[in-house]
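Notes follow the structure.
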Amino acid sequence: MYTFSNRLRIGAIILMALGIVGMTIGFISAPGSVEEAKAIVAAHDDGHGGSHGEEHAVAGHETHDEASAEEHAAHDEHVYHQLANRPWAALYVAAFFFFMISLGVLAFYGIQRASQAGWSPLLFRVMEGITAYLVPGGIIVFVLLVLSVLHFNHLFPWMDPEVVAEDKIIQNKAGYLNPTFFLIRAAIYLGGWIAYREISRRLSIAQDKADDDSNFKKNFRWSAGFLVFYLVTESMMSWDWIMSVDPHWFSTLFGWYVFASMVVSGVTVIAMVAIYLKSKGYLPDVNDSHIHDLGKFMFGFSIFWTYLWFGQFMLIWYANIPEEVTYFVQRIEEYKLPFFGMVAMNFVFPLLVLMNSDYKRINWFVIMTGIVVLLGHYLDVFNMIMPSAVGDKWFIGLPELGALSFFSGAFIFWVFRALTKAPLQVTRNPYIEESRQFHY
Amino acid sequence: MASHYEAPIRKPLVLGDKGYHDVSVDIAAPVEGKANKHWWIVFSISLAALLWGIGAIVYTISTGIGTWGLNKTVNWAWDITNFVWWVGIGHAGTLISAVLLLFRQKWRMAINRSAEAMTIFSVIQAGLFPIIHMGRPWLAYWVVPIPNQFGSLWVNFNSPLLWDVFAISTYLSVSLVFWWTGLLPDFGMIRDRAVKPFQKKIYSLVSFGWTGRAKDWQRFEEVSLVLAGLATPLVLSVHTIVSFDFATSVIPGWHTTIFPPYFVAGAIFSGFAMVQTLLIIMRKVCNLEAYITVQHIELMNIVIMITGSIVGCAYITELFIAWYSGVEYEQYAFLNRATGPYWWAYLLMMSCNVVSPQIMWFKKIRTSIMVSFIISIVVNVGMWFERFVIIVSSLHRDYLPSSWTMFSPTFVDIGIFIGTIGFFFVLFLLYARTFPVIAQAEVKSILKSSGERYKSLRAAGKPMYKIRKDGVVRETIMDSEGTLSNTDK
């Protein structure tokens, strides 16, 4: 049995506490009215005047240009929304990112069970521990969605009746993009994923004490069923929770692109948690071949992610159809560094570092790559949400770091707490002996 | 590689009481024997189809592309449909030999050789279309960036059609090298068994002096892994580039970002269906039921079912986004597919590709050889119509209603397609008589972990070998009643 070390627990709590402080400052300093927003913009331009790097200089510049235009009030309203959105968007990005990790692990776990993999049963309990975060993480994301529906923030423009009233395009989508149906769908996705997680976990523990393989077989069937459900709901979730923040934009690939980001982050976290637990002596049977396999999946899915990223980007860039291309125009103009930086972190770095077979067996190499990959995929979610939420008013400051810190603390706390609930090695899985003897 | 221990729950991959020698004999039998009457009949039919196809091609090139059913609006139809269809079929071969190798799927070993042969033969068919659909195919070499006397007039690297040239030619060459490397130990085996000097000479030439030393094997494995690692992104990128032919355009119904992975999924889907069709026949006529078992057929059906579901998910995504986009051209493109003049093609594609593989969820059905055979053909019909629907239904009605039209093929379009099917089977039938159709070296490597004989020995707790007092080593074998004994084999 694993015991949650005090140092890790305290570390997680400190992360959460720091996170709450950061996020609170973020919410307090966000403007409550259009006037406050104007004051902030004015103060920002006076006080910092370009010392914040290029993006901010450009941002300030544009503000002046546009301010001189006729639509004075509309512009101020827009800037107010952007500034008011920032702490919410920071919160939403981090909440979704950590939720997405545990969902990615769940998908990977389902695949491992359905494909009857012989190498991974030793890691099943690690994966089950990570997917335990689905419940709190899912509830937080759901609460954030409810708060958006209740107009606490302006993350989803289509939820604002005033915006919809003037926007023919959004009106035409109202059959799908309406708050009630949106929340019902979210409840169905979350309910389905969490239900599979709980059922599979229960069967997995029951199998340890059983004297036949019936629980194992049931788990196999549930996993196959879950994967079908996941294939459909994951795509829809990505349209709902991410694509609809830009209600004018659409891309058929989007669901699978989000999937790739999700699963690569998930596999990375499995590897990192497994290496941590092994370093503490809790997973004696996990050897460097298991880490090597996880490293290969990190490598492979990183390339797969890049393939989908490039497929989506290149096709839209190439055809250059105005209604689609704005999505990338805005990102390249206003988010140049995060947009291309993410490609370096999610593709170039793992490609070079994890190419060598020996390196994939070295724990610190995998951990180091893992950190870069995770930060890269945080940036990926950041790039998907922020441009529509805050536009050129983005910055990675207290609200963003606070949210990241809070959710990483919560994630660590919940996952490692869940790991104490059951033995770290499944015992009566028919493939456990294959997994124990696994050498590559 | 993975250790020799295998969970008892896994079913045997080589059935019956097979030792190493039996594997060699069974696999060499079709090569060493003589073709029977049926082979000659099927071969003659294929050859006739090929000759007919050559006639159609010669007629096209000498008379002009106007002999086809194309018109000014629908300027791609059967040519590119067949091209994409053949490329798609080819993908399963690389998938089985490369992706399943990376995923350490031992069951691939009985099917990879034939799947790769299928890849190469179908890529050859595919490769014909980009040439013959040209108006001036004798200038085809202009697509290659070679220095020339036109002041070094160069190609434009922005066209996906040029990327196709690179993709297909790279794909064919890498697949060929990958296939041939795998063949070396098997050709070596046939060479060593050959009794006729002519055969011995030929197989000595093609086996490149393979002697099977430890160092050779070590490098062989390394090369296989590296090639598998290269072939996997290649296989994804090749069909992705093929999909770019459509997706980079601005035609409603073509311009969609899901095409790259969805074409790849469709390629795996149709390719596995083709492997299924071929292997169900091959296991019967070549007496390879012990190697290509019902479990293999079941697993291929599962792959067909999964990729069929992914393709189905992509169809639904396209339909949803067409509605969601609010772009009326896009919405009309899909309305036209479902209710326009080609509704029957759309219905065929939907029912063959999305509905039919779903019956594989039932174990009874996916382990039935007859049903698998029928579904595998249904899938390939469906996938042909998928390409046809994408190409023709998007072209014949797009932005300007004044250019709306229809398409119907001529006998030349159909003749060329039939010709490629004939050519494919000519090559495949010749292959089946001269090549070891199962990678014996690989099957031998899993015999002791996954062969039925050895699995039952392990289950019975018996040793696999016994050393007699005189020092002779005896393999343990199983008699017809399933009793195990240490005797000569």
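Each Cβ is built from the backbone N, Cα and C atoms, and glycine gets one as well.
The structure displayed is predicted, hence computed values, not measured ones.
TrEMBL lists A:12-30 (among others) with the feature transmembrane segment. Listed as Cβ neighbours of the transmembrane segment (A:12-30) (distance under 8 Å, sequence separation of 6 or more from its ends, same chain) are residues 40, 83-84, 86-87, 90-91, 397-399, 401-410, 412-413, 416.
Sequence-distant contacts of the transmembrane segment (A:89-111) (same chain, six or more residues past either end, CB-CB distance under 8 Å): 23, 26, 124, 127-128, 130-134, 137-138, 140-141, 144, 155, 193, 196-197, 200, 223, 226-227, 230, 234, 241-242, 258-259, 261-267, 269-270, 297, 374, 377-378, 381-382, 385-386, 389-390, 399-400, 402-404, 406-408, 410-411, 415. Per TrEMBL, transmembrane segment is recorded for A:89-111 (among others).
Packing against the transmembrane segment (A:132-156) from elsewhere in the chain are residues 81, 84-85, 88-89, 91-92, 95-96, 98-99, 101-103, 106, 179, 182-183, 186-187, 190, 193-194, 197, 201, 241, 244-245, 247, 385, 389, 407, 410-411, 414-415, 417-418: each is 6 or more residues past its ends and has a CB under 8 Å from a CB in it. Residues or ranges marked as transmembrane segment in TrEMBL: A:132-156 (among others).
Annotated transmembrane segment per TrEMBL: A:176-196 (among others), in sequence order.
Tertiary neighbourhood of the transmembrane segment (A:224-242): same-chain residues 96, 103, 106-107, 110-111, 114, 141, 145, 182, 185-186, 188-189, 192-193, 196, 200, 254-259, 262, 381, 384-385, selected by CB-CB distance under 8 Å and a gap of 6+ residues from either end. The feature transmembrane segment is assigned by TrEMBL to A:224-242 (among others).
With a cut-off of 8 Å between Cβ atoms, the residues of this chain six or more beyond the transmembrane segment (A:254-277) that come close are 2, 97, 100-108, 123, 126-127, 129-130, 234-239, 242-243, 283, 286, 290-291, 294-295, 297-298, 301-302, 304-305, 308-309, 312, 346, 363, 366-367, 369-370, 373-374, 377, 380-381, 384, 415, 419, 424. Among the features that TrEMBL reports, transmembrane segment is placed at A:254-277 (among others).
Tertiary proximity for the transmembrane segment (A:297-317) is limited to same-chain residues at least six positions away from its ends with a CB under 8 Å from its CB atoms, namely 108, 251, 253-254, 256-257, 260-261, 263-264, 267-268, 271, 324-325, 327-328, 343, 346-347, 350-351, 354-355, 360, 366, 369-370, 373. What TrEMBL records for A:297-317 (among others) is transmembrane segment.
Here TrEMBL flags A:337-355 (among others) as transmembrane segment.
Feature annotation from TrEMBL assigns transmembrane segment to A:362-379 (among others).
The transmembrane segment annotation in TrEMBL covers A:394-416 (among others).
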Beyond the flanks of the transmembrane segment (A:337-355) by 6 or more, those residues with Cβ under 8 Å of it: 55, 264, 295-296, 298-299, 302-303, 305-306, 309, 331, 365-366, 368-369, 372-373, 375-377, 379-380, 382-383
Tertiary contacts of the transmembrane segment (A:394-416), as residues 6+ beyond its ends and Cβ separation under 8 Å: 2, 4, 8-9, 11-27, 30, 52, 55-56, 86-87, 90-91, 93-95, 97-98, 101-102, 129-130, 132-133, 136-137, 273, 334-335, 378, 382, 386-387
Within-chain partners of the transmembrane segment (A:176-196) [C-beta distance under 8 Å, separation at least 6 from its ends]: 103, 106, 110, 134-135, 138, 141-142, 145-146, 149, 158-159, 170, 222-223, 225-226, 229-230, 233, 236-237, 240-241, 244, 247
